[in-house]
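> If you scroll down you'll find the structure; I have some questions about it.
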Amino acid sequence: MFSRIARPAAHGLIRGLSTTAQANARVAVLGASGGIGQPLSLLLKNSPLISNLALYDIAHTPGVAADLSHIETRAKVTGYLGAEQLPESLKGADVVVIPAGVPRKPGMTRDDLFNTNASIVATLTEACAKHCPEAMICIIANPVNSTIPITSEVFKKHGVYNPNRIFGVTTLDIVRANTFVAELKGLDPARVNVPVIGGHAGKTIIPLISQSTPKVEFPQDQLAVLIGRIQEAGTEVVKAKAGAGSATLSMAYAGARFVFSLLDAMNGKEGVIECSFVRSEETESPYFSTPLLLGKNGIEKNLGLGKLTAYEEKLISEAMAELKGSIKKGEEFIKNRK
Ligand SMILES: NC(=O)c1ccc[n+]([C@@H]2O[C@H](COP(=O)([O-])OP(=O)(O)OC[C@H]3O[C@@H](n4cnc5c(N)ncnc54)[C@H](O)[C@@H]3O)[C@@H](O)[C@H]2O)c1
């Protein structure tokens, strides 16, 4: 049996580490020239799991692709520029990762990005629904609590919806939780696993410290500070970057970790588990992040909430109104879109 929150091997983050037999995935990155897109593409190019890397953006992809193509790994890199090249970039894609869209500036919430990013994500996922309806779709663009319902509604509109293949990438919340817990307890962060459930914005980010492996305990006041830091860690970076954007390098790492886990599972590796914001029946919210067992066809099994403390239950119930509001906003956006 797999451990419920087994830490995935970060295949491809170190060259030549993969042990998987089949390694011929075609991965498309939409928004590949951006602050996240470039380092994410670099990490993907370094992976032996990927044979073709398609880089799409509305700017700079010829340069980014030429640069990455000189790296001595086998993934063939191709750049695609502008809307007319979008369909070609998606042909045959097994996995599509979408970091396209504007990032936060100090003082902004993720929801403040809605007006710009909702239409970017809708346009890009409409192209995915037409040109690679079977691909795994991994959405990084914020607000994730709305961009996943948007993606789902777009796929429904095109009659190709498969909820097991649409993922909101929340991995950075898990990465941060692991790091902060390890710092406080003097542990090796690579050995810490903290499931983070709920959504990907402020108080909808719910770290389950009680389910951490190894098991850790904190007095209630310290626990509240730790959870608050994990929830506001994105804002910590936005403030430190002082107008130059939000997390890009740690997000690229987290995005690559999620893609490698997905590719491992698609290649038949067993026991691959990641948290992700997906269609869900685990709570009253129609979308919710929980640990998921991944397989050849995406989500194989939702592993649910596990055993919660009363405090964690309270955090979930306090997040519900915001979560459901953001989901509805995304769904309404597609209903009203011409
Ligand atoms: N899920 C998470 O945990 C997480 C973490 C950090 C950032 N983000 C989000 O990721 C997104 C990207 O952040 P960034 O820092 O890379 O931003 P950025 O501005 O540096 O890059 C965005 C890229 O998207 C491209 N783009 C814009 N419109 C496009 C379109 N229609 N088609 C294709 N490409 C398009 C831009 O040209 C640019 O290259 C933001 O929405 C940000 O909020 C998510």
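Placed from the backbone N, Cα and C atoms, the Cβ positions cover glycine too.
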> Based on TrEMBL, name the residue from ASP57, ASP94, ASP264 that is recorded for the same NAD(+) site as GLY31, ALA32, SER33, GLY34, GLY35, ILE36, GLY37, ASN117, ILE140, ALA141, ASN142, MET251.
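Checking ASP57, ASP94, ASP264 against TrEMBL: the NAD(+) site match is ASP57.
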> In the predicted model, what is the mean pLDDT computed over the domain 'Lactate/malate dehydrogenase C-terminal' (170-333)?
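Residues in the domain 'Lactate/malate dehydrogenase C-terminal' (170-333) carry a mean pLDDT of 98 in this prediction.
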> Do me a favour and check the Cα-Cα span between MET251 (NAD(+) binding site) and ARG110 (substrate binding site); whole Å is fine.
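Cα-Cα distance, MET251 (NAD(+) binding site) to ARG110 (substrate binding site): 15 Å.
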> Within 8 Å of the Cβ centroid of the substrate site residues ARG104, ARG110, ASN142, ARG176, which other residues of the same chain have their Cβ?
PRO103, PRO143, VAL144, HIS200, ALA201, GLY234, THR235, VAL238, SER246, ALA247
> Rounded to a whole angstrom, what is the largest C-alpha distance between any two of the residues GLY31, ALA32, SER33, GLY34, GLY35, ILE36, GLY37, ASP57, ASN117, ILE140, ALA141, ASN142, MET251 that the record assigns to NAD(+)?
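If we measure all Cα pairs in GLY31, ALA32, SER33, GLY34, GLY35, ILE36, GLY37, ASP57, ASN117, ILE140, ALA141, ASN142, MET251, the largest is 18 Å.
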> Check each residue in the chain of ASN117 (NAD(+) binding site) that is at least six apart in sequence and keep those whose C-beta is under 8 Å from its C-beta; list them in sequence order.
GLY101, VAL102, ALA141, ASN142, PRO143, THR147
